[in-house]
Structures are given as C-alpha cells and as structure tokens.
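As annotated by TrEMBL, domain 'Nucleoside diphosphate kinase-like' applies to 1-137. Summarising the annotation, TrEMBL assigns ATP binding site to LYS9, PHE57, ARG85, THR91, ARG102, ASN112. Per TrEMBL, active site, pros-phosphohistidine intermediate is recorded for HIS115.
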Amino acid sequence: MEQTFIMIKPDGVQRGLVGEIINRFEKKGFYLKGLKMVSVERSFAEKHYADLSAKPFFAGLVEYIISGPVVAMVWAGKNVVVTGRKIIGATNPADSAPGTIRGDLAIEIGRNVIHGSDSIEGASKEIALWFPEGVAEWQSNLHPWIYE
Ligand SMILES: Nc1ncnc2c1ncn2[C@@H]1O[C@H](COP(=O)(O)OP(=O)(O)OP(=O)(O)O)[C@@H](O)[C@H]1O
C-alpha cells in the first residue's frame, strides 16, 4: 500500500496541534505505520530539505525545523501522497483552502505547521531517511469498511 512521510513541524508541536493533525489523517481512513517525536540536528534538516538548498529562505527554513521537536510519521493508504497533500493544503497558508490543515490552522508560509511528501519517490526517500529502523507492518480490522 502507498506510503507517505508526514512531519508536524516545531510550531505544530508547540501549539498543541499534534492530536488534531493525527485525527484528520486517521478519520480519513489512512493507517499510521510510524510515529516518533525527534529533535533533529542541523545537518539532518539540511539533508531533508537538500532540494531547497539554493532557495533564499533555506537558512531560515533549517532554523525553523531545528527550533524544537517535530513529530515524524508514516501514513499508508490508497493515493496517500496526493490526498495527504490535499489534506495539508497549499504551501502558503494564505492560499490554502479552508478545511485543509494549513487553511484552518496557519497564517504564514514560514510557520505552516506540517510537511508532506510531494511524490511517491520523494516519500520513499524521506521514509528511508527518517525511519531507517523501518515501520510497523499492520492492517486495520476496519479495512473492508474503508476499501471495496
Ligand atoms: N517563500 C518562502 N519563504 C519562507 N519559507 C518558505 C517559502 N517557501 C517555502 N518555504 C518553507 O519551505 C517549506 C518547503 O517548501 P516547498 O516548496 O517544498 O513546499 P511544500 O512542499 O508545500 O512544503 P513541505 O515540503 O514543508 O511540505 C515550506 O513548507 C515552507 O515551510
């Protein structure tokens, strides 16, 4: 089953949004396969955001991600990468639709609460980076009530 990497950023943790965010993915029908709270080193944050290293906001982004603990998760389900991005909303909360996490819970692009992988390939790279120990293999007993 398709998997994605979701991270609640330090602002989401500090603001007490962890339960609210997990609830949205759980209620949708996705399965939680990995979960941990971590404070990442600068070099790790730079690796995670390596694709953005040439951007003018890169240094600020790295400072933001290492400013406190984050909640790293792996979620599984049909189309979870694309649907996860829809649940999260547009990168800039000013453009995120109401009903999305960023649309409902954030104001500024540099404090946008959550990260989600942007492709299946990106997800597998990020899952390998964040969960080298692997994730839990399980399937909910509710599976036949969620999938035809
Ligand atoms: N112009 C900007 N100014 C400040 N921070 C920015 C800007 N653009 C992006 N960011 C930060 O960098 C992160 C990664 O940017 P990217 O373009 O990959 O967006 P995204 O894929 O929606 O976000 P994420 O990778 O966090 O899910 C954004 O979530 C945001 O926190």
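Cβ atoms here come from the backbone N, Cα and C positions, even for glycine.
What TrEMBL says about a protein is an automatic prediction, not a curated fact.
For ligand 1, the nearby binding-site residues are ASN112; that is, of LYS9, ARG102, ASN112, these have a C-beta under 6 Å from one of its atoms.
Cα separation, LYS9 (ATP binding site) to the residue listed as 'active site, pros-phosphohistidine intermediate', rounded: 7 Å. Just so you know, the Cβ of LYS9 (ATP binding site) picks up 24 other Cβ atoms within 10 Å once every protein chain is counted. The Cβ of ARG102 (ATP binding site) lies under 8 Å from the Cβ of ILE88, GLY89, ALA90, THR91, PRO93, SER96, ASN112, VAL113, ILE114, each of which sits 6+ residues away along the same chain.
Every protein chain shown contributes to the tally, and the Cβ of ASN112 (ATP binding site) ends up with 23 other Cβ atoms within 10 Å. Here the Cα atom of ARG85 (ATP binding site) is found 9 Å from that of HIS115 (active site, pros-phosphohistidine intermediate). Taking DSSP states H, G and I as helix and E and B as strand, the domain 'Nucleoside diphosphate kinase-like' (1-137) has 62 helix, 26 strand, 49 coil. For THR91 (ATP binding site), the number of other Cβ atoms no farther than 10 Å from its own Cβ, over all displayed protein chains, is 14.
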